[in-house]
Amino acid sequence: MMNEHSIDTDNRKANNALYLFIIIGLIPLLCIFVVYYKTPDALLLRKIATSTENLPSITSSYNPLMTKVMDIYCKTAPFLALILYILTFKIRKLINNTDRNTVLRSCLLSPLVYAAIVYLFCFRNFELTTAGRPVRLMATNDATLLLFYIGLYSIIFFTTYITLFTPVTAFKLLKKRQ
């Protein structure tokens with residue numbers, strides 16, 4: 001049986017890895033923004049956008065090149081979350097017990113919520129300038145577009161990571177009860 005201090009230490013290590021991975025994951029978005037800001041007609045960005053033009057994406061007609069490349073990069077968030085999951089699988093420990101109904105509900109509902117999020121953000125075309133007022137206002141400024149894509153990447157990353165841990169957590173909780 002592990003004591004509380006070692007559980008806290010292990011979870012702190014897993015959380016530090018989580019913070020490091022999300023920062024590493026967001027750096028390319030900042031690089032895309034800087035490259036576009038310095039040279040709006042950058043060959044690298046154009047090449048990425050044209051080679052992925054058939055993929056569905058969330059773009060803004062105000063800035064189609066930068067938003068296309070940022071959206072394509074946001075589609076890589078599940079892969080980085082999977083790598084993090086593999087690295088922190090044995091480190092992260094459970095803190096408290098929950099009842100069996102909550103565990104089963106989370107096992108059934110979290111994949112459905114994740115599937116809806118991934119479908120909406122990764123497999124549909126969406127024009128930001130035709131959305132509701134707050135999003136439409138964000139879509140007309142490069143800095144707010146960067147914030148939008150940072151949020152999008154973070155949402156996809158964290159929901160993937162949480163969804164990957166749900167069955168493991170359920171298994172550990174149910175195993176602990178027996």
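Here the Cβ of each residue, glycine as well, is placed from N, Cα and C on the backbone.
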Identical membrane-side domain name, Arg100 and Phe171, from Swiss-Prot: yes
Range from 69-89, 106-123, 143-165 with most C-beta pairs under 8 A to the transmembrane segment (14-37): 69-89
Tally of residues which DSSP labels helix, strand or coil - the topological domain 'Cytoplasmic' (90-105): 6 helix, 0 strand, 10 coil
Sequence-remote partners of the topological domain 'Cytoplasmic' (90-105) [C-beta within less than 8 Å, at least six residues beyond its ends]: 2, 7, 10-11, 13-14, 17, 165, 169-170, 172-174, 176-177
For the transmembrane segment (143-165), distant same-chain residues with Cβ under 8 A (at least six beyond the ends): 18, 21-22, 25-26, 29-30, 33, 58, 60, 62-63, 66-67, 70-71, 73-75, 77-78, 80-82, 84-85, 92, 110-111, 113-114, 117-118, 121-122, 128, 135, 137
